[in-house]
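J.: Can you read through this structure? Questions will come right after.
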Amino acid sequence: MSQRRQIVVGVGAGIAAYKATHVVRALVKANFDVWVVPTPASLKMIGEVTWQAISGNPVYTQVDSPVSGVGHIELAREASAIVVVPATADLLARITHGIANDMLTNVILAADCPLLLAPAMHTNMWENPATRKNVQTLQARGARFIGPVAGELSSGDRGLGRLAPEEDIYAEVLSVLSTGKWQGKKVMVSAGGTREPLDPVRFLGNRSSGRFGVEIARQFAWQGAQVTLLAANIEPTLLESLPGGVEVVATPSAGKMRQAALDYFPHMQVAVMAAAVADYQPVDFQSEKIKKVPNQQEFSLRLRPTADILADLARKKHSDQLVAGFAAETGSWEQVLQLGKEKARRKGADIIFINQVGTETGFGDIATRVCAVDGEGSEIGQFSGNKTQVATQIVTLVRQQLQ
Ligand code: CTP
């Protein structure tokens with residue numbers, strides 16, 4: 001295979017398949033080695049000869065088609081990214097469920113590179129609970145969706161379901177591939193929420209899912225960094241969605257996270273501390289379950305402060321290292337900004353990403369708004385979008401600040 005970076009363009013059986021030709025041409029022009037893998041049904045829309053002619057590579061639709069050619073494992077291994085244009089409802093369902101009954105779904109199942117999906121379908125199909133669930137599952141596993149957008153559909157109806165503009169799909173592929181930038185760099189990310197044990201069955205914890213930190217870890221890894229994730233009580237399925245090379249260190253409590261952070265940090269260029277760390281821990285751990293006392297009107301817990309890991313790292317860092325943290329605040333956006341800027345001045349980190357949290361915002365799978373400030377509390381960036389989009393922007397900003 002060639003020295004150029006390889007991209008697999010999957011083509012689903014939708015009317016929008018012809019638009020994939022524009023994406024393929026743009027990628028070929030940008031000197032990528034493009035392998036088009038159409039589903040067998042999509043050949044009714046655009047035939048093999050067209051794909052071969054514009055990509056300059058052979059076209060396979062079934063795993064048994066290459067006789068002496070390239071197999072699905074080789075395509076999956078060599079691909080720097082897979083982009084599916086258009087991703088039909090059927091394809092999304094098959095990818096979600098790991099069904100591998102043609103070349104494209106085999107390649108996707110075997111690959112460990114970024115997966116970009118540009119859906120196109122009728123609004124009713126896009127909004128059907130079955131598709132919604134599949135999209136959610138794929139997003140949770142790290143797939144990146146480009147569109148669909150609202151507009152005229154092939155049925156003549158108008159609504160959400162139109163393929164995103166080809167330029168947007170092309171730009172998104174380039175943004176995912178703006179890699180190499182992090183090649184050889186070591187990055188530590190903390191994520192999740194610590195739990196401070198009270199007794200063998202109880203703990204003091206918080207509502208952080210770890211999704212944001214996991215997204216940040218994924219973006220760093222996709223861009224070539226060697227990533228160590230300090231994971232505090234994150235759902236195993238979320239961790240399983242990370243690219244293979246990410247080292248996951250279980251750090252369930254503030255104490256364990258601090259120890260791991262101090263051990264790993266000297267070998268890192270960057271630390272992004274996104275975990276929600278308990279500020280207090282019980283003074284005594286009861287080795288037996290704490291029993292309820294009948295008729296007791298009050299129950300008090302004695303707590304002591306935990307060490308501030310972020311501030312410790314900021315104190316220890318060398319000039320070629322960068323330490324970033326988060327300020328999770330509640331209240332109006334103005335209050336959140338003010339509290340976050342004060343926190344930035346206190347912590348001594350190079351960057352603080354201020355975000356609003358509460359029962360409705362910040363935690364879980366929802367839109368996020370983040371303001372980045374430097375150690376003096378001066379604004380250096382504002383981002384918003386879903387957690388994947390914001391994580392990408394965070395990684396870019398960290399890169400700019402590291403130079
Ligand atoms: N953090 C930390 N160690 C702690 C507490 C927080 O490293 N013991 C880090 C978090 O990972 C985050 C940043 O400090 O990057 C800010 O966390 P946050 O909970 O917003 O602030 P606190 O310092 O805990 O202050 P407060 O709870 O009073 O807002």
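In case you wondered, yes, glycine gets a Cβ from its N, Cα and C as well.
TrEMBL annotations: computationally assigned, not manually curated.
Positions annotated as CTP binding site by TrEMBL: ASP279, LYS289, PHE326, LYS343, LYS347. The feature domain 'Flavoprotein' is assigned by TrEMBL to 6-175. According to TrEMBL, the domain 'DNA/pantothenate metabolism flavoprotein C-terminal' annotation covers 182-400. Look at TrEMBL and you will find 1-186 tagged as region 'Phosphopantothenoylcysteine decarboxylase'. The region 'Phosphopantothenate--cysteine ligase' annotation in TrEMBL covers 187-403.
What's the neighbourhood like for each of these?
T.: Taking Cβ-Cβ distances under 8 Å and a sequence separation of 6 or more, the neighbours of ASP279 (CTP binding site) in its chain are PRO305, THR306.
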J.: Given the model, what does the mean pLDDT over the region 'Phosphopantothenoylcysteine decarboxylase' (1-186) come out as?
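T.: Looking only at the region 'Phosphopantothenoylcysteine decarboxylase' (1-186), pLDDT averages out to 91.
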J.: Looking at the binding-site residues LYS289, LYS343, LYS347, which one has the fewest other Cβ atoms within 10 Å of its own Cβ?
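T.: Comparing Cβ neighbour counts within 10 Å for the binding-site residues LYS289, LYS343, LYS347 gives LYS289.
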J.: Across all chains shown, how many C-beta atoms besides its own are within 10 angstroms of the C-beta of PHE326 (CTP binding site)?
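T.: Cβ-Cβ neighbours of PHE326 (CTP binding site) within 10 Å number 27.
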J.: Where does LYS347 (CTP binding site) sit in DSSP terms: helix, strand, or coil?
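T.: Where LYS347 (CTP binding site) sits, the three-state DSSP reduction gives helix.
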J.: Return one of helix, strand or coil for PHE326 (CTP binding site), based on DSSP.
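T.: In the DSSP reduction, PHE326 (CTP binding site) maps to strand.
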